[in-house]
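> When I checked TrEMBL for this same protein, it listed these features:
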- 1-10: compositional bias 'Basic and acidic residues' (COMPBIAS)
- 367-454: domain 'Ig-like' (DOMAIN)
- 459-528: domain 'Ig-like' (DOMAIN)
- 549-642: domain 'Ig-like' (DOMAIN)
- 649-748: domain 'Fibronectin type-III' (DOMAIN)
- 749-842: domain 'Fibronectin type-III' (DOMAIN)
- 943-1038: domain 'Fibronectin type-III' (DOMAIN)
- 1056-1144: domain 'Ig-like' (DOMAIN)
- 1-80: region 'Disordered' (REGION)
Amino acid sequence: MPEPTKKEENEVLAPAPAPTPEEPNKEKEAGTSPGKDEEDASPPVALPPGLGSRALERKDSEWSIGESPAGEEQDKQNANSQLSTLFVEKPQGGSVKVGENITFIAKVKAEDLLRKPTIKWFKGKWMDLASKAGKHLQLKETFERHSRVYTFEMQIIKAKENYAGNYRCEVTYKDKFDSCSFDLEVHESTGTTPNIDIRSAFKRSGEGQEDAGELDFSGLLKRREVKQQEEQPEVDVWELLKNAKPSEYEKIAFQYGITDLRGMLKRLKRMRRVEKKSAAFARILDPAYQVDKGGRVRFVVELADPKLEVKWYKNGQEIRPSTKYIFEHKGCERIMFINNCVLTDDSEYYVTAGDEKCSTELFVREPPVMVTKQLEDTKAYCGERVELECEVSEDDANVKWFKNGEEIIPGPKSRYHIRVEGKKHILVIEGATKADTAEYSVMTTGGQSSAKLSVDLKPLKILTPLTDQTVNLGKEICLKCEVSENITGKWTKNGLPVQESDRLKIVHKGRIHKLVIANALVEDEGDYVFTPDAYSVTLPAKVHVIDPPKINLDGLGDDNTVTVIAGNKLRLEIPISGEPPPKAIWSRADKAIMEGSGRIRAENYPDSTTLVIDIAEKDDSGVYHINLKNEAGEAHASIKIKVVDIPDPPVAPNVTDVGDDWCVMTWEPPVYDGGSPILGYFIERKKKQSSRWMRLNFDLCKETIFEPKKMIEGVAYEVRIFAVNAVGISKPSMPSKPFVPLAVTSPPTLLTVDSVTDTTVTMKWRPPDQIGAAGLDGYVLEYCFEGTDDWIVANTELIEKTKFTITGLPTDSRIFVRVKAVNAAGASEPKYYSQPILVKEIIEAPKIRIPRHLKQTYIRRVGEAINLVIPFQGKPRPELIWTKDGAPIDKNQINIRNSETDTIVFIRKAERSHSGKYDLQVKVEKFVETASIDIRVIDRPGPPQLVKIEDVWGENVALSWTPPRDDGNTAITGYTIQKADKKSMEWFTVIEHYHRTSATITELVIGNEYYFRVFAENMCGLSEDATMTKESAVIAKDGKIYKNPVYEDFDFTEAPMFTQPLVNTYAVAGYNATLNCSVRGNPKPKITWMKNKVAIKDDPRYRMFSNQGVCTLEIRKPSPYDGGTYCCQAVNDLGTVEIECKLEVKVVAQ
């Protein structure tokens, strides 16, 4: 990336702001001190304006090229003060090392923007970086839809030293503009202390650059060995350039360290122009003057007319006489003296006489800062505070410190601190370490000094050594030592580093070091060593952990009983503990059990002891003793061993009751329970003809009774029992006697009275819902007279039918009736008739039950069959009479079939003549019941009567027709329209299911001739024939002209009206305030803001917005003067409206 260069600036520069008190300390320029008065001082050297600039700027450890003079920046800020602010996040300056990457980010809010804003990145004042994008520079932009923010990024990849400098980001959108400047510093990754003349770093840059005369320390850090420059007499480079050939310009610039050759050549070009002869000045100012800091300079012009008034200016501001600025008149000469020149006097000056002026530039040189007291070699011990001190020739001079050639940059977390006391500069190192041993150097603009610092360790004495410890298990271990120095160290155990945990803590307080272990474990035993850091001394100690023996019987239960199954091997492992491992001895009845290979033996291990019985026998039951012993103590315990077996099988079970799919069985417990209580029983069953037994319960049956279920009715079964104890399951019992599950049927259903006479009652019923495997042999009908409980069997033998008549009953008696179903398992539960039955014939009035679908008109098509069943009631058997439309029915055409409970009307093939109203009359003695049924036989309709062409226009034909004469005995549901080209006479359907009697046929082909026909349609379908138009319709090429209707425009105009008024507002001085209101109107009204009845125009302190009718006035950083009455006025062609509010600005006390 090339360095930025400067555009040519105007001759007259804007006035620069007054320097802050810190600026004189930051500005450093080469030069010598001037004399006390004008006669003794050396004459000022006139230099061309291009040889230097007026602004210096210090930026941490880098000295970089600036953008523009402070005056120009101020003018630019004033010029842009009325522009809108677009940035919501501005790029910030940063620093990066050579070869690393850095990214600058700018964010722009897009809420009020209709399109993407334009952004540009610059280096310096004019270099556009868009053309430099590539390997080392990348530009990126993104848009976040949710937050509506544009993000612009500039990434510099593998930065180089010449990338350092000032950068600028500009964003524009229509008439809005915003910009932001930021700095980039590039640090050298490594370097050594330079050994060159510091004055060689003073360089003048081009015209108007801020860092003119800056120190460029990057040049000092890059070079390793540079010979000390010899002092040379001062040379007027400007005179050399004016007298040299153009081909020698670059050589002269390189020889004398000129970095801005282009700026000098521009000034040289202007110098060579033939200036017009001045009418006011006989002699003008020299192009440039040079003076040492603190010196005195003399500006002289000679007037052609001594009566002309002369005014002196500095950076555009008039100079008034004072002790610093002295004016003298000597004839036609006008002289201005500047006493005690400082760096802020380095500026542009001009003098005016009448309408003419002449200008010059003054360059103030600063004398180099010399090292008056050199650094001294120093020795120190680790942890001490070290101070390296030197003195320079100037107070508060700019001094740089280096360690082994690398610059020391102090910070809040750094151990390096720099203290300045007038001319003294002190480097303070807190808590010195051996890593601080190095060569330290100090550098000024006029010299340097270096010294060596040596940091060694203090001799270490052991005040309290570590001691060996023996502790009980679970107690605290504390290893403590004390040394003569407050230093850190490392703890090791058996040669491995010790890691801190919740149980192990390492404590360091001053010179005391502790290792504390809470709840000592066996693993904590070992050799511990403490080694102080940076010393070869070690402090060892041994830790021995002991523990009394313990027997862990937690897994054996409360009574310490162990149960073993006879014939099995018992291996009883008892956990033990103790340090050192205890010796275990087993015994039974005062007889020790030895270790070996016997059937009963003991086995001992460091953390357990085991009793082994290979094949357990019943006699092995008893109490066994354990004795433990070590150097820390003894322990005793007793264990009871019980040998158990499976129980004997139970006796064969008895089946006491049988059902359809279940039975009840009982049994007796076994004689011998195996030495363990019986826990329960398992039950199995099988079919008699099968050998496969099936388990009936998976959970133990605790009782000696069980009810097997889900057996197949009619199949023979056997059952058997297993006894279960804690040891296992016994052998099965003998099977029970075979049994067959059978069940009676369920009760009969729907017992009803069929008929009653004076001496008989006829009952009927339905078979049982469940009959079962035993089948159904027949039924038994029983009755009893009301008031008695004696049931009399009506049928002496079983009957298979579900209907029976009870005879021989006395007239007017009342009886109860019940029926039972009988099979091989017996009689079922009886089914009772719900109420007593009176033995007497009863007349039942007739009643016709018309089906629901016959209560409305019954519709059938021609040729379909008609079969109507109409139920009725009545006793004795009623008389039925059918009529059609009031006349008797012709039985040759319509068949009538009657029964005791219903009548049937049957027509094999319906015709339209069968349509009509059918009446049914039912008579029982004097009681009569009637009902009517409407039957309609329908057919397809006839064609429409007449189809006419009403009109033909364009590609359209209007048709109309009359309904058909025959509608098929049902309503017309629609029409189907077809068209046919006269040439082919092929018919195509245009419209289907059309309900009106007129239609418009569209999209006809121009130039063709069409015929049309129409079918009628009802619920039976389309008519067999269609009616066609007599004449054809010709679609002419020239159609009728369609005239669009004329509509009057709606008047949307509206006088302006405020929909949201202004409200009185309080603002805080120094913080932006806004006034808001909303207005509507058509045409869009013109908005004018007024303060105290005076229109606000071209005032940079106010910003006015109008968006979608919302009007906003923004007052930037108001003061109490900005308080008052504000008015918003809206004007359009229909009227004017105003609204006011009051603004009060309050000053917050500091």
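Backbone N, Cα and C define each Cβ position, glycine as well.
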> Please average pLDDT over the domain 'Fibronectin type-III' (649-748) for the predicted structure.
90
> Can you tell me how the residues of the domain 'Ig-like' (367-454) break down into helix, strand and coil by DSSP?
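Across the domain 'Ig-like' (367-454), the residues distribute as 3 helix, 45 strand, 40 coil.
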> For the domain 'Fibronectin type-III' (749-842), jot down how many residues DSSP puts in helix, in strand and in coil.
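Split by secondary structure, the domain 'Fibronectin type-III' (749-842) comes out as 0 helix, 45 strand, 49 coil.
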> Which residue counts does DSSP yield for the domain 'Ig-like' (459-528) in the helix, strand and coil classes, in that order?
3 helix, 36 strand, 31 coil
> So how many of the residues in the domain 'Fibronectin type-III' (649-748) end up helix, strand or coil by DSSP?
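Helix (H, G, I), strand (E, B), coil: 0 helix, 35 strand, 65 coil.
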